[in-house]
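Here the structure is laid out as structure tokens; the discussion comes afterwards.
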Amino acid sequence: MKRRRLFFSVLLSILTLFINGPLITTAQSPPSSSTSCNRICGGIEIPFPFGIGRRDCFLNDWYEVVCNSTTSGKSLAPFLYKINRELVSITLRSSIDSSYGVVHIKSPVTSSGCSQRPVKPLPLNLTGKGSPFFITDSNRLVSVGCDNRALITDIESQITGCESSCDGDKSRLDKICGGYTCCQAKIPADRPQVIGVDLESSGGNTTQGGNCKVAFLTNETYSPANVTEPEQFYTNGFTVIELGWYFDTSDSRLTNPVGCVNLTETGIYTSAPSCVCEYGNFSGFGYSNCYCNQIGYRGNPYLPGGCIDIDECEEGKGLSSCGELTCVNVPGSWRCELNGVGKIKPLFPGLVLGFPLLFLVLGIWGLIKFVKKRRKIIRKRMFFKRNGGLLLKQQLTTRGGNVQSSKIFSSKELEKATDNFNMNRVLGQGGQGTVYKGMLVDGRIVAVKRSKVLDEDKVEEFINEVGVLSQINHRNIVKLMGCCLETEVPILVYEHIPNGDLFKRLHHDSDDYTMTWDVRLRISVEIAGALAYLHSAASTPVYHRDVKTTNILLDEKYRAKVSDFGTSRSINVDQTHLTTLVAGTFGYLDPEYFQTSQFTDKSDVYSFGVVLVELITGEKPFSVMRPEENRGLVSHFNEAMKQNRVLDIVDSRIKEGCTLEQVLAVAKLARRCLSLKGKKRPNMREVSVELERIRSSPEDLELHIEEEDEEECAMEINMDDSWSVDMTAPASLFDLSPKLDVEPLVPQRTW
């Protein structure tokens with residue numbers, strides 16, 4: 001047995017020598033960015049690119065750390081200079097499994113009723129040229145106390161919050177802050193850079209309530225079992241939140257990163273076996289993150305030579321695998337050598353270097369190939385099940401979807417169609433994933449929607465979109481061509497719509513402007529027809545729940561295509577409404593739905609009314625350029641209707657070529673759609689018929705126009721009045737050009 005073990009050890013040694021070849025075994029020590037730089041403050045290590053003191057101790061101002069006294073004055077603590085927040089820890093990216101470095105900082109607690117005056121800290125602002133920081137999605141909003149309503153503010157167009165109370169069923173104690181004495185909500189997944197916390201009582205009054213209540217952001221997990229009284233959080237004064245950080249490659253200083261040279265945008269590359277850098281894209285900016293190769297190196301990749309070779313022989317890893325052979329360290333690895341050349345001669349002299357070695361190598365190669373193939377099959381089955389494949393089959397069968405019209409694509413087909421998901425083929429990016437342009441083997445152009453890393457909570461949302469689209473067949477609705485469930489993240493394949501979205505065409509000036517009044521009126525007729533089909537003509541009635549101009553795509557002939565069913569819901573024929581979490585977009589959200597959480601077909605009608613107003617005025621749903629009381633487009637339009645000056649707000653680009661009677665007729669129809677009470681609004685079938693009549697019979701309009709009661713004036717959800725959201729970083733929906741994206745902006749409110 002002993003000789004057999006030695007035999008296999010010899011074969012392993014020869015194979016290792018063959019693969020590795022002669023390698024240099026010396027290791028290098030990394031030079032510091034500056035030998036005199038202080039790397040410790042308050043017991044916390046400050047690794048480069050962060051630093052304290054002189055400018056050569058840190059990369060740039062965003063990475064500067066100031067070592068100051070704490071508020072008590074008894075000790076020193078590190079502070080990030082640019083954002084003036086106390087540091088708790090800094091972590092470099094350690095492996096390919098993480099996509100960025102991590103910084104933990106202290107965040108103040110928002111409170112009310114705990115002292116004579118409420119405490120509302122300033123929002124955390126990470127914006128600025130070259131800012132490497134963003135708020136990771138591992139953080140949560142947590143609120144503790146009775147009758148609380150906590151909101152995350154400064155998130156552009158989204159609503160996120162939660163409520164807690166001390167009344168009701170105490171069985172909710174078993175949940176993780178499920179609403180009894182404490183609650184929590186996820187922050188948006190699109191990495192916001194400005195974020196704050198607002199706190200009020202459930203009655204809406206931020207100054208009353210009497211009892212102490214607190215709210216804060218944190219990456220720690222809380223449950224009723226470990227949540228203390230709100231006074232304790234108020235006394236502590238702060239919690240810990242997590243920030244991600246990366247290198248901005250637009251900085252000229254980082255054209256050649258300090259640790260890895262010759263950065264390119266082709267994905268992963270290595271400047272040496274010890275250091276690996278990875279390129280990515282965030283909010284339109286390129287960035288990189290580097291880490292020491294996990295196999296045989298550790299250290300700081302942002303210093304020249306900072307990744308140091310690990311001596312596996314000294315640490316025991318190599319010794320345990322070499323057995324009776326000698327472990328020899330080599331850069332990034334180790335190898336096993338014979339103690340003496342003479343020992344090999346008495347042991348199978350003609351076999352050691354002959355055919356057995358060849359057969360052994362071939363056998364190992366065949367075994368590895370078989371195992372890899374088997375693992376690949378198992379992984380595909382696992383991904384299919386985890387991505388909701390069984391649920392999708394059940395839904396298609398239950399709903400009577402046309403299975404033949406939706407193809408199940410293989411991952412190889414989609415990799416070939418998108419050139420292995422090349423970044424140059426990206427059509428748009430959103431909160432839920434990335435859309436690529438692809439070409440199938442039969443020449444068809446498609447849009448491939450690749451979701452982000454799978455969240456088990458979103459499996460049902462993904463399957464819902466597939467189930468809804470598989471049963472829809474309408475010329476003005478984006479067609480689902482198929483899906484792929486055998487990859488780690490689910491993938492949807494749609495028909496490609498070449499001319500982008502309606503929002504971009506309405507609000508971006510261009511020399512080849514084609515959005516005349518006739519085109520706009522035709523588009524409104526097509527959208528209304530598509531929504532009417534969803535509400536009443538589809539095999540199962542469907543509420544879209546996120547009707548807006550960014551979800552209306554235009555084909556090569558500028559025909560409207562309704563897209564994005566990520567928040568849609570199918571209903572039974574005898575149902576009149578759905579009770580759901582509030583989901584939608586500021587400026588388009590039905591006030592009645594917002595107040596009752598009951599979504600009806602009239603809620604889609606309201607959102608379509610906002611789209612009609614956009615088509616008439618050419619203005620955005622929300623704009624800080626308008627007076628404060630009319631920043632919302634609905635309020636602005638309603639005021640003009642009251643004062644009989646609708647023609648003053650008609651888009652100047654279409655005034656000369658439009659029929660004013662048609663514009664007035666559409667404006668009055670929009671006003672009916674924007675009625676405060678849903679029962680006063682027409683249904684989508686009536687809206688579609690009326691728009692068809694306006695378009696085809698412009699000479700006979702006044703006979704069919706009904707005046708609305710003044711008390712039924714439209715209202716809207718106003719970001720400033722209803723939620724106290726400070727617009728510090730406006731979204732493209734309001735002030736800036738939007739990204740070309742078929743993803744829904746889905747603000748969510750968790751109660």
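Note: Cβ is positioned from N, Cα and C throughout, glycine not excepted.
Candidates considered were CYS277, CYS307. The record in Swiss-Prot pairs CYS290 in a disulfide bond with CYS277.
Between CYS322 and the candidates CYS313, CYS336, Swiss-Prot records a disulfide bond only with CYS336. According to Swiss-Prot, the cysteine that forms a disulfide bond with CYS313, out of CYS292, CYS327, is CYS327. Cβ contacts within 10 Å of CYS322 (disulfide bond), excluding its own Cβ and spanning all protein chains shown: 21. ASN68 (N-linked glycosylation site) falls within a strand when secondary structure is assigned with DSSP.
Using a 10 Å Cβ-Cβ cutoff, CYS327 (disulfide bond) registers 20 neighbours. Fewest other C-beta atoms within 10 Å: among the modified residues TYR494, TYR593, that description fits TYR494. A Cα-Cα distance of 27 Å separates TYR593 (phosphotyrosine) from GLY433 (ATP binding site). Of the recorded residues, THR585 (phosphothreonine) and GLY433 (ATP binding site) place their C-alpha atoms 18 Å from one another.
In the three-state DSSP scheme, CYS313 (disulfide bond) is classed as helix. A count of other CB atoms within 10 A of each Cβ picks out THR585 as the most crowded of the recorded positions ASN68, ASN125, GLN429, THR585. Here ASN219 (N-linked glycosylation site) is positioned 18 angstrom away from ASN125 (N-linked glycosylation site), judged by their C-alpha atoms.
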